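Data first, discussion second: the structure below is written as structure tokens.
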Ligand code: FAD
Ligand code: NAI
């Protein structure tokens, strides 16, 4: 009889967990995955990346059709109506297809789904739904959940004070939505409801939205969202939210001190960050401590301080992004199998799926300058022929390169397809490219990516079209 029930047991089936399970199974390891949700796929597929992108796409289509935006292309549409129930149902259909797809992949790869909440009994045993299961290796991929705002009670069912899960399922377009937090979720979901006709006010504690992004990009984003009609209050803190009947009152005051103000809202979306999921895991039973931010620390191989226990995704340090979790999922499985699984954490792109999209990879100009001399090249989308042809010219591409070696250190893009464009920058950086390498690579015409080439040419001091 085998010493353990499984070679690998993954806790959590988000992009980190399900990918780790599939790769482990592909490598010939007997694998199980514990998931307490009704469906597989974690935050990303169920209530995160996928439903939010479905709504971002549908709301943009509605906005283009209803706002007269298409008239400049000679397309006149009258009597456009919103069927919100149908839009939400279509989003749910997208989620169902993808979560069902993971279930299919589990069956195909003979991965056993242990349905229920997993708790450690010891370093090689977990209990799920009253049953103990043992594994030689246990991967913690429990993800993250919404950071609560003290004193502000989220009630997604009521639909007045909601988090992102409630914010992708509102049954009515709010007259006024107040978003607490000018980060990725606030701007993406704020955009969705604004396009569907809500007035949107974003209250951000810091003096700029989108923390962590390049300074110039943050400024440009602020300008563009304001132009679209979003009321962005930076340097403002929320001191309380009260609900009376179907309305909420949000008390705010300047972060630096000053007069308080009350903003009335139909819906308040709390989006002030996410925290790692470790409660109830029983980490004390295996003697695994958390760091000050409540995360599980690992080495580069994703092994924790406890033998046989590994961790990946949102529950460990680093950006809370699905593709980061996925790459860690592949790497941890390869390491467990005795191969060498590596993730280059210096080259993880991030994308905000607004219109235009906002994307970056590598260092911001500010961070790069702290390390040494840099050369910066910029190219406006206004001078890109494809952007001009489709009359969608907001944004720019910015490349930051080492002044001495010309090695690309960071790329930042504001452009309608920035999320797709950033992939070439990530690949170039992964290959250790210089800006000259990009500048002398032939790019198809007319494409948005030519702006990346021209920004690289600008680093060399020789762009053609500006
Ligand atoms: P998760 O996806 O959180 O999955 C963890 C799973 O573990 C959950 O299903 C949970 O139920 C389960 N679990 C937890 N504890 C236990 C336990 N004890 N036993 C059994 N099961 C357990 N990222 C992007 O890259 N792009 C995007 O566009 C994007 N959009 C987002 C939009 C929103 C609204 C939100 C909230 C997040 C978004 N993210 C996006 C972030 C992305 O969802 C996360 O980074 C990603 O899901 C993390 O993957 P994970 O596998 O670490 O954890
Ligand atoms: P975030 O960290 O992106 O932004 C939170 C914002 O809230 C920050 O700007 C912060 O300064 C502000 N804030 C914090 N406390 C506040 C307070 N009391 N009052 C006012 N503002 C306050 O977090 P968010 O938007 O909740 O998203 C969580 C994570 O989910 C992101 O970090 C990201 O990793 C992931 N995500 C990724 C997406 C993508 O890749 N497109 C989309 C959505 C989420």
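Just so it is clear, glycine is given a Cβ too, placed from its N, Cα and C backbone atoms.
According to TrEMBL, the protein has these features:
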- 445: active site, proton acceptor (ACT_SITE)
- 53, 142, 143, 144, 314, 320, 321, 322, 323: FAD binding site (BINDING)
- 44-49: disulfide bond (DISULFID)
- 6-329: domain 'FAD/NAD(P)-binding' (DOMAIN)
- 348-456: domain 'Pyridine nucleotide-disulphide oxidoreductase dimerisation' (DOMAIN)
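DSSP gives residue 323 (FAD binding site) a helix state. Rounded to a whole value, the Cα-Cα separation of residue 143 (FAD binding site) and residue 445 (active site, proton acceptor) is 41 Å.
The two recorded residues the residue listed as 'active site, proton acceptor' and residue 53 (FAD binding site) have their Cα atoms spaced 28 Å from each other. Here the binding residues for FAD are 53, 142, 143, 144, 314, 320, 321, 322, 323. Their largest Cα to Cα distance works out to 22 Å. Straight-line distance linking the Cα atoms of residue 49 (disulfide bond) and residue 321 (FAD binding site), rounded to a whole number, equals 9 Å. For residue 314 (FAD binding site), the same-chain residues lying six or more positions away in sequence with a CB closer than 8 A to its CB are 14, 16, 43, 143, 144, 274, 276, 277, 320, 325. Within the same chain, residues at least 6 positions away in sequence whose Cβ sits under 8 Å from that of residue 323 (FAD binding site) are 15, 348, 349. The helix, strand and coil residue counts that DSSP assigns across the domain 'Pyridine nucleotide-disulphide oxidoreductase dimerisation' (348-456) are 40 helix, 33 strand, 36 coil. Across the structure, residue 53 (FAD binding site) and residue 44 (disulfide bond) are spaced 10 Å apart at their Cα atoms. When the recorded positions 44, 49, 321 are scored by other C-beta atoms within 10 Å, 44 scores highest.
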